[in-house]
Amino acid sequence: MDLPKAYDPKSVEPKWAEKWAKNPFVANPKSGKPPFVIFMPPPNVTGSLHMGHALDNSLQDALIRYKRMRGFEAVWLPGTDHAGIATQVVVERLLLKEGKTRHDLGREKFLERVWQWKEESGGTILKQLKRLGASADWSREAFTMDEKRSRAVRYAFSRYYHEGLAYRAPRLVNWCPRCETTLSDLEVETEPTPGKLYTLRYEVEGGGFIAIATVRPETVFADQAIAVHPEDERYRHLIGKRARIPLTEVWIPILADPAVEKDFGTGALKVTPAHDPLDYEIGERHGLEPVSVINLEGRMEGERVPEALRGLDRFEARRKAVELFREAGHLVKEEDYTIALATCSRCGTPIEYAIFPQWWLRMKPLAEEVLKGLRRGDIAFVPERWKKVNIDWLENVKDWNISRQLWWGHQIPAWYCEDCQAVNVPKPERYLEDPTSCEACGSPRLKRDEDVFDTWFSSALWPLSTLGWPEETEDLKAFYPGDVLVTGYDILFLWVSRMEVSGYHFMGERPFKTVLLHGLVLDEKGQKMSKSKGNVIDPLEMVERYGADALRFALTYLATGGQDIRLDLRWLEMARNFANKLYNAARFVLLSREGFQAKEDTPTLADRFMRSRLSQGVEEITALYEALDLAQAAREVYELVWSEFCDWYLEAAKPALKAGNAHTLRTLEEVLAVLLKLLHPMMPFLTSELYQALTGKEELALEAWPEPGGRDEEAERAFEALKQAVTAVRALKAEAGLPPAQEVRVYLEGETAPVGENLEVFRFLARADLLPERPAKALVKAMPRVTARMPLEGLLDVEEWRRRQEKRLKELLALAERSQRKLASPGFREKAPKEVVEAEEARLRENLEQAERIREALSQIG
């Protein structure tokens, strides 16, 4: 046997990771096997592995390895995303260290630098996934800006444009002054932030004033109206009149609109269509022309803006404007107020709103195609509740702003004629050809749109483009649609719904059959991990400390029902201990083979029990894999390995091995081989190493998945009675304060025949022998099918034992009384954190239960 005494993941995992990376599991579209396809959510090319990636890919790899062993042509398509904003920001920061900006380089040179960075650093995360054991088809690795994916993007846009679904129009958009690009609503994060609410008064035409409340006084100069609720009696007499914008000579109408909240502020709303989404909608209804006073750099500009504010940053302008309003008598009051601050999800800068032309995708007609499919059950969701969430979003979807003012990304294939201003987009049949003259007027003076597509535009094509679409490739014919999409619920709208749109529109069917949505990985307190909080758990550090198998197993074990995961390092310790337990069990089996001399070949009760339980386990665990309930599958295999195999069967097998029973050795080997197969999808490194040592076969990943055998219910029932007898004896020893190895004598009642028929096994496991008669005084432990009685005479000083128990009983009752007083205090329950109250309640229950057990033991001894 060549297994070292102790398991060290560092000596095992890297060699297998290297082997799988060098010899990837390449899919064959012509194999004739049923396909099973997973599209890997492409991580950002800028990224390093975080816990979300580790969870996501652990689940995907478990499914792909399971299906590969089930005989499917298992295809896991990997790749990375060009991550427009994120990548551009990374390279801009590198330039900043050189004292340069992207504008100093110009677009062409800047893009050369980005590609250079991508080639040097962009493969980091895929290398890290390989270290985690990801058995993807690395020969099919894709990048959202490589040649094939770029063709897909151009073709999709050409189709959308010529079908009237892609159009260019000026609209109010989210704008990041730092990243200098528009953002979709899904790329904007809103956080409650301490701020101020300012009440300002406007002079009303004909005399008097009207007061409004705002958190953005610097935008007053862009007001185009004051709106009040039509049913607000306070202001009904002012509707139709005009008010003057403070510090200006601009008069604006006072109008009625039902969108106004009567109970907010003064009940009157300043309407600033160019700088607020609600105001933009009100302006659209009332025909108000938007006026902007903040430019794309976030600075004040425009004729309406007082000279003292022009050119100032918007936040500096806010402070200065408040001073001017105060001095002029327009500031009624200033109060603390929690504002919903909208920020760029990439850089954290507070966003601005701006109106200028953008490319949009009409989502309503596209969503209808998806909704029909979802309503007829085309796509299953796990957990099922997310299906309704998906449908609700699609039913209320708005047009998608698909253009971004970046340099890194897919440049939009649209050209503008400098003579007649016509838009030129290549037709689908010539989608790769750049136009040389205007289709409308024939002019050769064409200028290409400088914007790029939103990163999610290319990501939305991922299930198609990874298979070679729009070409009719063998992969596309064989592997579309995919089977399972595994991803976090946080990108359901950003990505999953948009892939559904692409699939139904371009392929006429669903892009995948099932969507498995998992939760976020949080810290042990349930907080989102972030560098600023200092609570980030680095998966690579965990791999170094516990092993990749332990990390994978812990995350899978915790991924229940799509809920967020609170990751405590104790779970990683649990998984590492599990790996060690399995390793030691395998070493025992391998050691048992050395020098073994067969003297008999008879199935023991323990052999029959283990084979029967294994058959049941195979059936249940297979069903859980099929149901995509990987967390429960992990728990079932953990119980089967740790409890049934290691704790019970291995121990029960030792007397038979000592007696030279070949059937028992064979059972050990066969059961271990099956357990390694069941666990392989979740713990591929250790199981591969042990399977090779056990069987001499090179690649467990290519072995067949086990099939359930027959059940032996008689053996299971008999062995359960034996287990209960052993458990009862062990419990009695613990109650009496005796060491587990202490030899004792007990009297058994109930279903005792299995003990009598397997006396050697009972004696070995329980370290006990049987009394022929029931003792008068004894400690008693009742189990469902067996009751054990153990007299204390001859084992210990009964009176001393009694004194110790009575003393402990008093201590427990005192502790319980203290807990009861604390829990009865209204102040404690109201002020203490929920987890503190729950811990105190648990302490009370435990102390009362222990006290009751001691009372019972004392009454038994008499």
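Here the Cβ of each residue, glycine as well, is placed from N, Cα and C on the backbone.
Going by Swiss-Prot, these are the annotated features:
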type    : residues                       : note
MOTIF   : 43-53                          : motif ''HIGH' region'
BINDING : CYS176, CYS179, CYS344, CYS347 : Zn(2+) 1 binding site
BINDING : CYS417, CYS420, CYS438, CYS441 : Zn(2+) 2 binding site
MOTIF   : 528-532                        : motif ''KMSKS' region'
BINDING : LYS531                         : ATP binding site
COILED  : 802-862                        : coiled coil
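Structural mapping of features recorded in Swiss-Prot.
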residue: CYS176; record: Zn(2+) 1 binding site; contacts (Cβ under 8 Å, 6+ apart): THR182, LEU183, CYS344, ARG346, CYS347, THR349, ILE351, GLU352
residue: CYS179; record: Zn(2+) 1 binding site; contacts (Cβ under 8 Å, 6+ apart): ILE85, GLN88, VAL89, CYS344, ARG346, CYS347, THR349, LEU406
residue: CYS417; record: Zn(2+) 2 binding site; contacts (Cβ under 8 Å, 6+ apart): VAL423, ASN424, CYS438, ALA440, CYS441, SER443, ARG445, LEU446
residue: CYS420; record: Zn(2+) 2 binding site; contacts (Cβ under 8 Å, 6+ apart): CYS438, ALA440, CYS441, SER443
residue: LYS531; record: ATP binding site; contacts (Cβ under 8 Å, 6+ apart): none
Based on DSSP, tally up the residues of the motif ''KMSKS' region' (528-532) by helix, strand and coil.
0 helix, 1 strand, 4 coil
Model confidence over the motif ''HIGH' region' (43-53), averaged pLDDT:
87
Residues near the Zn(2+) 2 site, CYS417, CYS420, CYS438, CYS441 excluded, by Cβ within 8 Å of the Cβ center?
GLU418, ASP419, GLN421, ALA422, ASN424, GLU439, ALA440, GLY442, SER443, ARG445
Give me the count of other Cβ atoms within 10 A of the Cβ belonging to CYS441 (Zn(2+) 2 binding site).
12
Can you list the residues of the same chain, besides CYS176, CYS179, CYS344, CYS347, whose Cβ falls within 8 Å of the Zn(2+) 1 site's Cβ centroid?
ILE85, VAL89, PRO177, ARG178, THR181, LEU183, THR343, SER345, ARG346, GLY348, THR349, ILE351
If you count the C-beta atoms lying within 10 Å of each candidate's C-beta, which of the binding-site residues CYS344, CYS347, CYS438 ends up with the smallest number?
CYS347
Give me the DSSP three-state residue breakdown of the motif ''HIGH' region' (43-53), ordered helix, strand, coil.
3 helix, 1 strand, 7 coil
